[in-house]
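K.L.:
Feature annotation from TrEMBL assigns transmembrane segment to 24-54, 89-112, 133-152, 158-183, 190-211, 262-285.
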Amino acid sequence: MMLSLFGVNQAQVQRYLSSRTEKAAILSCYAVFPCQQLVLCISCLIGLVMFAYYKEYPISIQQSQAAPDQFVLYFVMDLLKGLPGLPGLFVACIFSGCLSTISSAFNSLATVTMEDLIRPWYPQLSEGRAIMISRLLAFGYGLLCLGMAYISSQLGPVLQAAISIFGMVGGPLLGLFCLGIFFPCANPPGAIVGLLAGLIMAFWIGIGNIMTNMGSGTAPSPFNGSSFSLPSNLTTTYMNTLMPSTTRSRPAGLQRLYSLSYLWYSAHNSTTVIVVGLIVSLLTGRMRGRTLNPRTIYPVLPRLLALLPLSCQKRLHCKSYSQDLSMEPTVFPEKMSNGMLKGSRDKEAMAVAEEGLAYQGSSATFILQETSL
């Protein structure tokens, strides 16, 4: 899942492309890792502090029936209730962090939709109308986000819902990139069919899991009034217990597929894309009649397949990669890490790329930075 988020996620790639150099983009990834570990350690520490606090001060009946995601808010209210303003500041920080991430996602979605889906069909679209359409797209994605908020409430805790959605969407996308990078024999029909198969499988399992949980009524168990007492030197504390009313039976049939853990969504869906894409590519003639760019292939798989007999290598079309290594780099149009075109005819444009303006002859043309894959 982390590979799909930091490697092929559109919002993350847009941040990479906004970096001045490729080295700066790589350093940003290295800088994020210790920060993530720090946040994870703080989250675990908060859980330990909550356990110690509520061991001394038992939670109320209302708090015991709350969702697990609400325990932190109750803990902040109980701990900081004597300091006016701090609980509200804590909640405001949570919402500000969420809104900043959501706003960047809306911007990315609107940009991709406009540049990749609308601009190719309407190239003469004016800038004013394009801005208006982008705003309407962002508004529409906001309404879609509200609908997804209701669906995510049926997925369980917030963390589980987020990982499930990322696995359902990011897993097939990661599989598509891995198919193109590690398998030279993959062709466009195989990539398209594999991606569709991965998306269908992802939403089939994900939505099936949601409907199964809604149909089986996995609501919290009813509050049991039975109690027991703990002797103490000063007083007697009565603690209420939550007793499960039913026992879960082992899933059978499609229920076993729907019971797949949300932590496996990304790996399962990406594997589906790779397997289906390879099968379709081999059945449709591999990369016959097409020339591969060696810079788009990671040479691990061809080197491993070099251990196979020559007949198997020819069937898997692995010889094309080694043949393409001898081709001139100028045959393939490349782009720099920041999205700017490079090549012999763009040297003049690269010289003034920082100003965002390139002079070709006597006319000035802007170099647009690519913001999507």
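Using N, Cα and C of the backbone, Cβ positions are placed for all residues, glycine too.
For each feature listed, report its degree of burial, its nearest neighbours and the pertinent distances within the displayed model.
P.N.:
Listed by sequence, the residues of this chain that lie at least six past the ends of the transmembrane segment (24-54) yet keep a Cβ under 8 A from its Cβ atoms are 6, 15-16, 71-72, 75, 78-79, 337.
Only residues 6 or more beyond the boundaries of the transmembrane segment (89-112), in the same chain, are considered here, and those with a CB under 8 A from a CB of the stretch are 10-11, 14, 73, 76, 80, 134-135, 137-138, 141-142, 145, 371-372.
Long-range neighbours of the transmembrane segment (158-183) within the same chain, counting only residues 6 or more positions beyond its ends whose Cβ lies under 8 Å from a Cβ of the stretch, are 1, 3-5, 7-9, 69, 148, 152, 190-191, 194-195, 198-199, 202-203, 205-206, 209, 262-274, 277-278, 281, 296-298, 300-301.
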